[in-house]
Structure formats: C-alpha cells, structure tokens
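Student: Submitted below is the structure of interest, expressed as structure tokens.
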Amino acid sequence: MLGFARPAMQHKVAAQLISAASLRSLHSSSPSRTMSSMVEGYSPLRLLLIGSPGSGKGTQSARIQENFEVETISSGDLLRKNIMQGTEIGKIAAMEMQNGALVSDKVMVKLIDMELNKIGSEQSWLLDGFPRTMSQAVTLDNTLQAVNQPLNLVIHLNVPEEVILQRIMDRWVHIPSGRVYNMTYNPPKQAGLDDVTGEPLERRLDDNPETFKIRLQKHHELTEPLLDYYRHRGILISLSGNTSDEIYPQIRELLQSRFRPEEVPVTEAPVAEAQI
Ligand code: AP5
Ligand code: MG
C-alpha cells in the first residue's frame, strides 16, 4: 500500500492549531460523523497518536481499542515482535532500537504497509509511533490520498518530561501483545506475568536512562516538523495532562463527538399518564 516518499509536499492550508473544544464545536454544527462499523456511510477513524517516549501512546491505544472499534498498529510493538521472532526485519531493527536510534524509513514503510494492507477500508484504525519522520509522513499521506482514505485526526499527547522517566523505569511489557504495565500505576495481577496469557513480562532493552535520553532527543528533533505538518493540515489536536487518566477522558470525548452517533432524542408517541 505505501510507496516510497517523494520530497515533502508544500501544504498551503492556512496554519491553524485546532483546540479540542473548537473542533468539537466545528463538528457539532456539521453532520455527525461516526465510525463506519457503527453507522453506515460515515468515514472510519484514521488516527495517529504522537507523543514523546513514555507519554502513554501504548496505554491510550489500548483504551481506545477497548472502547471504540479501532484496529491499533504500534510500530514499536511490531519491531519488538520481529526481534523476538528473529525475522530479517528484527535483525536489522535490534541494534538501532537498543541504541535509541531510528530504524530506517525503508524498513518502517514496509512493515506498516504490510499491517495496513490487512485492514479493510471500512475499518477504523490508529497508528502509534508511525510516522516518525517527514519522509514517513509524506509517504503515508500520498498512499492514503491515492486510495481516498486520508487521515482524519492526529492526537499529540503532551506530557511533562519530569514524569516520564520514572514511568519508563517502572515499565514491564508483554512483547507478543504489546501490553504495558507499570509497577505502581497499572501493575499486573500476578507479579511478573501478563494478565491475559500468564506469560512472563520483560523489560524493554531501550528502557534505561542513557537510551531514554537519546530517544527523547530524537523525539524533539523529529516531532516539531511533524506537528507543524499536521497543524497546517488542520487535523492536529494537542492534549495535555500529567497522567493518562487526565488525558484519556479528553480523547474519549473527542472521539465520541466525532465518530460516534450523536444521541438522538427518542421520538416515541407520548405515553398516557398512568391512571390511578
Ligand atoms: P516505541 O515502542 O514507539 O517507543 P516510544 O515512542 O519511545 O514510546 P514508548 O513505547 O516508550 O512509550 P509510550 O508513549 O507508548 O508509553 P506507554 O503507554 O508504554 O519505539 C521504540 C523504538 O522503535 C524507537 O526508539 C525506534 O528505534 C523504533 N521505531 C519505532 N517506530 C519507528 C518509526 N516510525 N521509525 C523509525 N524507528 C521507529 O507508557 C509508558 C509507561 O508509563 C508504561 O509503563 C505505562 O504503564 C506507564 N503509564 C502510563 N500512564 C501512566 C500514568 N498515568 N501514571 C504512571 N504510569 C503510567
Ligand atoms: Mg509504546
């Protein structure tokens, strides 16, 4: 599905950062949109989650998946699965990831391409961790435009850096599923084991202070241009909060207002008052 990137397109759409509130009001004055899986004829959700390492992209993806009918694709989870299975992609990715460097655009495009191709055009989906470079962003856009399924929302998780290093140091993951735990915030029911499969949890190789510093630097360097790109397209929403519990209700409200049917007043025939 994805092809290789052409030089960055110039977007002439007026620069505009839409707040969650203004987007809600924009949509409340237009026909309600919802996920196609719920109401026929509406565009499915095509959402990107962007945020620093440890900002809660994986945590929020899991909640969105649980509460909305959305397929989730996490680039980091896919890479870790490939490493675990010893695939060619896994072998290429292992070294970069361990050092906090980025895996090449070529590999990433191939990986995400395979996953997107498994999803039906009417299915809502979200991407966590892809795109990460302008080249990846432009490639994704060109491909989605070509099949007339453009992105319709980009959510930037804006979490203060002071809180995220500790989260990372406390993180345990179930590599095959990508489920994440935190020893104080959302510990597993049984220490060291995944809640669903009972399989052992692991630490990520890149979850140490040195590698985290590099990942954070990379994130700063690459994310600003990406945010500008989507801001200019008018599809960027930045949500701030110290914890995922503060941010998730904002995401839920946003998705409900845009992709779920509005509550329609029931118009049944008036019920006669009970005769006493
Ligand atoms: P990736 O796996 O995407 O890592 P990341 O972006 O660094 O983000 P994280 O997964 O670390 O954090 P998150 O935002 O998902 O936070 P989480 O929900 O787990 O990428 C890893 C590597 O793969 C990259 O460095 C790169 O090498 C490569 N890569 C990936 N995509 C690529 C691409 N497109 N191009 C090139 N290379 C690519 O939360 C963190 C922790 O906090 C968890 O333990 C969670 O339980 C906990 N937590 C969440 N909320 C709270 C809370 N409220 N309070 C306390 N703890 C909380
Ligand atoms: Mg993650």
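Placed from the backbone N, Cα and C atoms, the Cβ positions cover glycine too.
What TrEMBL records for this protein is below:
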type	residues	note
BINDING	Gly54, Ser55, Gly56, Lys57, Gly58, Thr59, Arg171, Val180, Tyr181, Ser244	GTP binding site
REGION	74-103	region 'NMPbind'
BINDING	Ser75, Arg80, Ala101, Leu102, Val103, Gly129, Phe130, Pro131, Arg132, Gln136, Arg204, Arg215	AMP binding site
REGION	170-207	region 'LID'
DOMAIN	171-206	domain 'Adenylate kinase active site lid'
Student: Using a 10 Å cut-off on Cβ-Cβ distances across all protein chains shown, tell me which of the binding-site residues (Ala101, Val103) has the largest neighbour count.
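Tutor: Of the binding-site residues Ala101, Val103, the highest Cβ count within 10 Å belongs to Val103.
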Student: Which binding-site residues from the set Gly54, Gly58, Val103, Phe130, Arg132 have a C-beta atom lying less than 6 Å away from ligand 2?
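Tutor: Cβ < 6 Å from ligand 2, in sequence order: Gly58.
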Student: Under DSSP, is Tyr181 (GTP binding site) part of a helix or a strand, or is it coil?
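Tutor: Note: Tyr181 (GTP binding site) is in a strand by DSSP.
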Student: Under 8 Å between C-beta atoms and at least six residues away from its ends: which parts of the chain pack against the domain 'Adenylate kinase active site lid' (171-206)?
Tutor: 54, 58-59, 62, 74, 76-77, 80-81, 84, 97-98, 100, 212, 215, 243-244
Student: Record lists Ser75, Arg80, Ala101, Leu102, Val103, Gly129, Phe130, Pro131, Arg132, Gln136, Arg204, Arg215 as binding AMP; longest Cα-Cα distance in Å?
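Tutor: Of all Cα pairs among the recorded AMP binders, the widest measures 24 Å.
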Student: With Cβ-Cβ distance below 8 Å and at least 6 positions apart along the chain, what are the contacts of Arg204 (AMP binding site)? List them in sequence order.
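Tutor: For Arg204 (AMP binding site), the qualifying residues are Arg80, Arg171, Val173.
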Student: Counting by DSSP, what is the helix, strand and coil composition of the domain 'Adenylate kinase active site lid' (171-206)?
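Tutor: Tallied per class, the domain 'Adenylate kinase active site lid' (171-206) gives 0 helix, 12 strand, 24 coil.
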Student: Spatially, and counting Cα to Cα, which of the binding-site residues is closest to Tyr181 (GTP binding site)? Options: Ser75, Ala101, Val103, Phe130, Arg132.
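Tutor: That would be Ser75, nearest by Cα distance.
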Student: Of the binding-site residues Gly54, Gly56, Gly58, which one sits closest to Ser75 (AMP binding site) when you measure Cα to Cα?
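Tutor: Comparing Cα positions, the candidate nearest Ser75 (AMP binding site) turns out to be Gly58.
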Student: Please work out the mean pLDDT for the residues of the region 'LID' (170-207).
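Tutor: Within the region 'LID' (170-207), the model's average pLDDT equals 94.
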Student: Tell me the Cα distance separating Gly54 (GTP binding site) from Arg132 (AMP binding site), rounded to the nearest angstrom.
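Tutor: Between the alpha carbons of Arg132 (AMP binding site) and Gly54 (GTP binding site) there are 15 Å.
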